[in-house]
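Enquirer: Pulled the feature table from TrEMBL, pasting it below:
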DOMAIN    42-293  domain 'G-protein coupled receptors family 1 profile'
TRANSMEM  24-50  transmembrane segment
TRANSMEM  62-88  transmembrane segment
TRANSMEM  100-121  transmembrane segment
TRANSMEM  142-164  transmembrane segment
TRANSMEM  197-222  transmembrane segment
TRANSMEM  243-264  transmembrane segment
TRANSMEM  276-295  transmembrane segment
Amino acid sequence: WEFNGSFYQPSAFLMMGIPGLEALHPWISIPFCALYLTALLGNCLILFIIRTTQSLHEPMYYFLSMLAITDLGLALCTLPTTLGLLWFNVRRIAFDACLTQMYFIHILSFIESSVLLAMAFDRFVAISHPLRHPSILTKTTVLKIGLAIVLRGMVSLLPIPFLLKRLTYCGKTELSHSFCFHPDIMNLACADIKVNVFYGMIILLSTVGMDFIFIVLSYVLIIRTVVSLTTKEECLKALNTCVSHICAVLVFFIPMIGLSMIHRFGKNVPPLVNTLVAYTYLIIPPALNPVIYSIKSTHIRQALLRALRRKRG
C-alpha cells in the first residue's frame, strides 16, 4: 500500500476468475482459447481479404475493417490477464496497469459502438439514396469519420483514469473479473464516488446511448424506404444487405446494456451471472463478428473462397 497522509492507494488489485469454478479453470480455458483464436484469426482474415480484394474497397467494407481492428484490440486487451489467470492463476495486476487496461477496454467499446453507427448510416444512404451514395461517402469522408470516432472515444474517456487515481481505496481489493472495468474499480473505493458515477453515466448515455438511438432511427428510415419498394424481391435484397450489421449490433449492445445494468443496479445478482455477462460482452462479439460477416456477406464469402482456391493452386 502507498500511504500519503489520509490517502491510500493499493499497489495492485486481485482479479477473479469464474466464481465457484476455480478448480475447473484449466478446462474452462479451452473454450476461451477457442474464442480468442477465432477472434484473432477471423478478424485478421477479414482485414486481409478487404485489403487484397479491389472490389471490396467501398465504404461498407472500410467500416467493416474498422470494426475488425476494434475487435482485435478488444481481444488483445483482455487475452493476457484472462488466460494468465485461467492457466497460471496469475491474479495480481498493478494499479496503473489496471487503469491502462480499463482505459483501452472502454475506448475500444465506445469505438465499436460508433463504428456500428457509421455502418448503419452507410446502409441507410446505400438503400435510401443509392445514386448519391458514392458522392456522400467518399474515401476522404470515411477517413474523417474514422478519425472522429477515435478522437471522441479517447477524449471523452480521458478523465476516467484520473478520477479513479484521486480516490482513496481501503479494505477489499478484489475485482469481479479477470480484467479491469471502471464500475468495478470505482466500487472498491471508500471515498465519495458521486463524481465518478455521474461522469460515467453522462459519458455512457451521450456516446453509446446516443449511438444506439441513432442506429434504431437509421433502421426505422431504412424500413420505411424498403416498404416503399415496388417488388418483394427488391425488399428482400435491400434487407439482406443489413442482416450482418443487425446481428453485430445485437451481439454487441445486448451484453453491454446487461453488464451496465448489473454494475449499477444489480446488487443482488449472483457473481456467476455478472461474470458470464462480462465475458459475453468482451469476448463473444470479437469472435462472432467475422463469422457473421463471412457467412452472411456474399462478397466476403466469395473473396474468401477465391483466396483459398489460389492458395491450393
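Going from the start of the chain as shown, residues are counted 1 onward.
Every residue gets a Cβ built from N, Cα and C, even glycine.
No curator has checked TrEMBL annotations; they are predicted automatically.
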Enquirer: Considering only Cβ pairs under 8 Å, which range in 62-88, 100-121, 197-222, 243-264, 276-295 makes the most contacts with the transmembrane segment (142-164)?
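Expert: Most Cβ pairs under 8 Å with the transmembrane segment (142-164) come from 100-121.
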Enquirer: Any idea what the model's mean pLDDT is for the domain 'G-protein coupled receptors family 1 profile' (42-293)?
Expert: 92
Enquirer: Taking a Cβ cut-off under 8 Å, which residues six or more beyond the ends of the transmembrane segment (197-222) line up next to it in the same chain?
Expert: 109-110, 113-114, 116-117, 120-121, 123-124, 127-128, 152-153, 156-157, 159-160, 163, 182-183, 186, 238, 242, 246, 249, 253, 256, 260, 264
